[in-house]
Each structure stands twice: as C-alpha cells, then as structure tokens.
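Single-structure report; data block below.
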Amino acid sequence: MAVSTINSNKINSDLVKERAKCTFNTVELTHLLDGGAEKTNERKSREKFFLEDPELRLKVPLEYLSHKEKYEESIRIACNIFKKVNQLQSEGKGGMDNFREILGGQLGSALLKDGNPLTLHYVMFIPTVMGQGNIQQQAEWIQKAWNCDIIGTYAQTELGHGTFIRGLETTATYDPKTEEFILDSPTLTSYKWWPGGLGHSANFAIVVAQLYTQGKCHGIHPFIVQLRDEKSHKPLPGIKVGEIGCKMGMNCTNNGYLGFENVRIPRTNMLMKNNQVLPDGTYVKSPSSKLTYGTMIFVRVVLVQDAATYLKKAVIIATRYSAIRHQSQINPNEAEVQILDFVTQQYKLFPYISMCFAFQYAANWLWDVYNNVTGELESGHLDNLPELHAASCVFKAVSSADAAQGVETLRLACGGHGYMTSSNLPQTYGLVTAMCTYEGENTVLLLQTARFLIKTWQNKSNISKLPTVRYLETSLHKNIPFEKSVKWIISTLQQTTAGKINLANEHINQRVKNGQSYEDAWNGTSIELTAAAELHGRSIIVETFYNTVNNLKKQTSQQLGAVLQHLLELYAVYTILRSTGDVLRFTNVLGRDVDVLQLWLEELLAAIRPNAVGIVDSFDIRDEVLSSALGAYDGNVYERLFEEAQKSPLNSDPVNKSFHMYLKPFLQSSL
Ligand SMILES: CCCCCCCCCCCCCCCCCCCCCC(=O)SCCNC(=O)CCNC(=O)[C@H](O)C(C)(C)COP(=O)(O)OP(=O)(O)OC[C@H]1O[C@@H](n2cnc3c(N)ncnc32)[C@H](O)[C@@H]1OP(=O)(O)O
Ligand SMILES: Cc1cc2nc3c(=O)[nH]c(=O)nc-3n(C[C@H](O)[C@H](O)[C@H](O)COP(=O)(O)OP(=O)(O)OC[C@H]3O[C@@H](n4cnc5c(N)ncnc54)[C@H](O)[C@@H]3O)c2cc1C
C-alpha cells in the first residue's frame, strides 16, 4: 500500500473554524455514545490493535483486484482478524464488543471493505448451535466452532425460496435402520443459494430442510452438515458446492450454492433443543414451531445497530465535505459559500445525523428487550415472543431502509465526488442496501409486524401487558391539542398509527364481507398494512429517543443536553412531516399546524448548523474506518482525491498499449 504524502497536521481552515464555533465538548458526547470514558478507551485501543497491524492491510485497493483476488485477499485478512479476536478473547478483553465491531460496519468495514467471508460463522452458525442445540450438541459443537476447528455457515435460502421458508424443498428423511438423516436436493430450485462463506470458506453448515420421519413431513428443521473434508477441504461425496458470482456489493462474502445427492448424516446432527426425532423415528414437537426461527430474530436485532453505524460513517463524510466545499454564492458580490450553508444541503444532512442517534438508542432498547425475552424463553415462557418478533421485524425494516436511503442521499449531497469509489459512499451503499433484503425482505417483515398489530387491534384484552402497542388502547379518539413539543408529536404519531390500523382492519373486514377470503382481503389491504406497520415502528423509535434523551440530560452538561434536545426535536419533526398526509387524515391537525412544524424544522436546522461538524466528530470514527477522500478529519479533500487517482493502474503508463492496438489504427483509418 502506497504511503500517503498528505500532511494530516495541516487541517483545512474551514474545519478549524467549524470546530472552534462548536458549543459543546465533543469528547463528552463521544463518551456518552460509547457508554463511558472507559468504554471509549477500550474501543480506541481495539481500533489501534487492528488498524495498525500491517497484516490486516490490503496490498492493492480492493476495487482494482479481480473477483478471485478479492476473495483470496479477504480470506487472508479474515483469518488474521479472527486470530487477533481469539487472542483478545483469551485475554478476557472486549467480549461481545469485539464481535460487534469486527463483524459490523465499524472496524469490519474498514478492514474488509466489501464484506467478510467468515461473518456467518460467528453471526449465524455459532448462535444457531447455541440457540437450537441441546446440551450435548452444544458441548460437541460450540468449542470446535469457537476454536475455529470447523468453519460454519447458515444455509436456509434456496434458489426458489427465500421469504417463504415453509416452502423450502431440501429434504432430510430419517432412516431408523441406520439412525441417519438423508439430505437431498430434489430439484434445481431446492439448491441452497446465498449463504455467506459457503462458496469456498466453510466446511460445515447449518442446513434448514423439510424433515420427514415415519412417512410424514414435519416442516423445516435445522441440521449440522459437514460439507468438506477437514484436511483436504474437498467437497464430500454427494455435496455440490460453489460460489454464486458477482453482486452489487458484498463481493468478498463468498456467498455460495449447495446441493445434496442423498447425503447421510447422524441422527444427532439434527439440532434438537426444541423439536426431536427419537432413534425409532418418533417425532417430538416443541411448544412453539416458531422457536426454530430464533436465529433470525437475533440477527434482525443486531442489524439495527449496524444500520446506525453505516449511517454514521456516511454523515461524517458528507458533513465534513460540505464544510470544506465552496460552491456558488448566496448573496451576489459575496464570496462563494460553504455548501453547508445552503438550507437544502442542511436538510439533506442533519435529519440523518439525528437518525444516527435515534437508531443507536432504538438498537440499545431492542437489545435489552431481546435479552429479557430470550431469558424468559429459556424458562419456558413464550408470552412475549410475538411482541419481540413484531418489534425486531419493524426495527430492522425501518432502520435498514432509512439507512440505505440516507447513505444514497448523502452520496448525492457530495455531488460528483460522491460518485467516486474513493469517497467510500458507493461501497457503503452496496453494503447497507443488502440489509433491506437479507434476514427477511423488508416488505415481508413489515407485514409480519402488521399481522401482530391487526391481531392486537382485533383482540385488545391483553394489550396492557404489551408495552409497544399499549398506546393503541386509547389513542384513536383522544383529543390532542396542538403543541410545539416532542410529546405532542409522539401522541400524534400514535394516533395516526391507530387510525391507519383501524382503517386497514375495516378494509379487511369489508373485503371479507364482499366475499373474499381473509387471506385475499389481507393481500388487498397490504399497502395500507405495511404503511401502518412502518409508522408504528417510527413512532416507537421517536418515543425511545425521547425517553433516552430525557434520562441522559440528567447526567450531561447543559450544553450537550441542548444539542441532544435539538437532535431529538429534529428527528421527531422530520418524522412527523414525512407523514403529513396521514397525520391530516387521522388527527385534528390543521394545515396551519403543519406550517408551524415546517418552520420548527427550519429553526432546528439553523440551531444545529454551528455544531454539525462537532457532532459528527464526536462519533469519533477514525479515518481508516471512514476510508474516504472526502471525509478525513483533516479535510484535505482535493489532495486526497488526487492521490487516490494516482493509484489507478491506468496511470502507471503514460501510453496504454491499447493505443497501439486499437486507437492508432482507428485514428489512421478515419483520416
Ligand atoms: C458468536 C459470538 C457472537 C457473535 C455475535 C455477533 C453480533 C454482532 C454482529 C454485528 C454485525 C452484524 C453483521 C451482520 C451481517 C449479516 C450478514 C448477512 C446475513 C444474512 C443471512 C440471511 O439472510 S439468513 C436467511 C434469512 N431468511 C429470512 O429471514 C426469511 C424470512 N422469512 C421468514 O422469516 C418467514 O418465512 C416468515 C415471513 C416470518 C413467515 O413464516 P411462516 O410462513 O412460517 O409464518 P406465518 O406468516 O404463517 O406466521 C405464523 C406465526 O409465526 C409467527 N412468527 C413468524 N416468524 C417468527 C419468528 N421469527 N419468531 C417468532 N414468531 C414468528 C408469526 O407472527 C405468526 O404468529 P401468529 O400465528 O400468532 O400470528
Ligand atoms: C447479500 C445477501 C446475503 C444473504 N445471506 C444469506 C445467508 O447467509 N443465508 C441464507 O440462508 N440466506 C441468505 N440470503 C438470502 C436472503 O435471506 C433472502 O434473499 C431474503 O430472505 C429474501 O428472499 P428472496 O430473495 O427469496 O426474495 P423474494 O421473497 O422472492 O422477494 C421478491 C419480492 O417478492 C415480495 N414478496 C415475497 N413474499 C411476499 C409476501 N408474502 N407478501 C408480499 N410480498 C412478498 C418481496 O417483498 C419482494 O418485493 C442473503 C441475501 C443477500 C442479498
């Protein structure tokens, strides 16, 4: 890797001025976001440990490598990363934080800019064995996986089915004579397709297949299957495995395909914490068939934090760039302004800055709920599982969709330079937009939340025990006088959501009355249902933000408290204005109230303007993690763009050989 000649001690003068006018202590905010000064120090030492290791650096920028070279470089780096993670774990340092940062958008996307081929081993293989395996299975497999004696993936999706997992076609048929399952892929569409690391990295997989025993199908179940010889890494007999090819992004994750030709595995390789097959083939059912879907809930929960991290990176890049970039005048005869002074630019940037906070606090809240509910599941209490499922679906859908839209808006906000890969915005978009599809396609997840909302609406007897939907009991007919406050916004969003759910429910009933089946009526109403679910999700996110800021303000300086209040208000006003049409339909809000909201939004943009650079600096994301010519701390944007251009292999030769081969004859022939 070429050593940079840019002088990072020379800070761009606009950024110097921006930092000087910041009204709060950015270090105080960094500590608050990390969860305390000690956590900040731990994070920083972890970043140093990984980012300053030459073994973890790419030899050539990724974008100039072939598909095959990209994989080879990524697997080299991934192995070195996890050696270091294991070292930290054995020293008792970091724990879950190591995995969050290394696998997610923070350190992970700095070391491996286009995905990590070993992610699924940690994010899905190990958690599935932990969550779905019985004690003996955990004892057998977890240590091996943890030590990386084996590398696993999670093979659920098939060529023909991703969403409708009840329709998966891979079969696992029990043979009581040998006490084995026989795995088979009866059709092309039954081939597994997509699992990360499956192509050439993993030697084991959790395979989700239709279980047949005693001549009966019992639906999908997870099995541990060995795919490759542990020494030679050759595919085992009957295993057809390979990589699925180039994608829009995540080109280093080694997503694969997998087919089985009557592959036998021991009975004990079916993960049997929930459902079991006894040696004679008797099937023993768990209390809920949905416990098998547990790993998906886990990943949806952790993705919310990841969406916030990617968004943070993009807002830092776009905000610093907007501070150093001068273009056009506001008043004639005056100097060209920083583009950050255009209110339209502030509108592209600042709501997404506030969204980073909203998503981080939502992720923290959801993580706590997840831990509480999984604790309850361990002791056999399933009552809160549907609410957790509904909340995790809508949070994953809203955070990934908004983060993807945010990254693209922020890329556009950087004009032409945002289109350069050296801005790192296109690659960030490639990573974040995938999140809208994987781990449950967003529309499908919104419909799952809508299902829970409609059921709750139709039967409110239990509602007081369900914190996320309790508001539905009273909010429909409330009289909420207009007030310029976040509390008013939350109540109004809740009333709008209740109105939308009520109307969707009426439309379902109407369609049923007109002769449609409930399912057809549901499909006919599904545009309204997804919109209601989305608004429900957004209103909980605003409320969580509100509760968190009110708690935090008790422990922060007054100056930082004021900044958090501005960010909260901006997120709340922005959210309600996105739904103006529905708010006018379902509440008493008047056109003149919307005018007040719009002016309030503009006041907030102006209030945040002096602190914009300070706030994004507080995210404290190192230049290596941003990996962007536009977003570095020193603001030497033009020097960096120029330096990055020099890395193009085309610039190694003043005359490219193609001139002699094509251009010269062409020029002569056209003379
Ligand atoms: C080790 C150390 C720790 C490390 C920790 C590290 C942490 C830190 C990491 C940080 C960095 C992260 C990086 C990540 C990178 C990721 C890479 C990419 C990964 C991408 C992987 C994938 O992409 S992997 C495939 C995912 N593929 C889906 O996601 C399929 C969606 N499709 C469905 O999920 C079902 O197909 C669908 C629609 C529900 C219908 O399922 P269905 O037809 O069976 O169900 P119905 O609709 O009929 O519903 C029937 C009833 O089930 C209820 N229910 C449904 N689901 C339920 C559930 N989950 N739990 C409970 N209840 C559930 C429902 O609410 C109904 O309840 P009710 O009847 O009471 O109303
Ligand atoms: C980068 C990436 C990594 C992945 N990694 C893995 C992995 O490691 N392991 C794994 O098993 N899988 C993985 N997947 C697969 C992923 O989980 C599926 O792609 C996802 O669940 C969506 O399923 P699908 O592709 O079949 O989309 P489809 O379900 O075919 O969706 C296509 C369209 O149909 C619509 N649709 C489908 N069903 C409904 C419905 N019921 N109601 C309304 N609309 C509907 C959707 O909204 C969408 O608009 C990965 C995917 C990607 C992109």
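Cβ coordinates are placed from backbone N, Cα and C, and glycine is handled just like the others.
Glu439 (active site, proton acceptor) has a Cβ environment of 24 other Cβ atoms inside 10 Å. The active site, proton acceptor annotation in TrEMBL covers Glu439.
Feature annotation from TrEMBL assigns FAD binding site to Thr157, Gly196. Gly196 (FAD binding site) falls outside any helix or strand according to DSSP and counts as coil.
Annotated domain 'Acyl-coenzyme A oxidase N-terminal' per TrEMBL: 26-151, in sequence order.
Each residue in the domain 'Acyl-CoA oxidase C-alpha1' (293-454) has a pLDDT score, and their mean in this model is 96. Per TrEMBL, the feature domain 'Acyl-CoA oxidase C-alpha1' maps to 293-454.
Taken from TrEMBL, the feature domain 'Acyl-CoA oxidase C-terminal' applies to 487-668.
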**Report entry** Residues of the domain 'Acyl-coenzyme A oxidase N-terminal' (26-151) by DSSP state, where helix covers H, G and I
**Finding:** 92 helix, 0 strand, 34 coil
Report summary line: Across all protein chains shown, the one of the binding-site residues Thr157, Gly196 with the most other Cβ atoms within 10 Å of its Cβ is Gly196
Query raised in the report: Using DSSP and three states only, what is Thr157 (FAD binding site)?
Result: coil
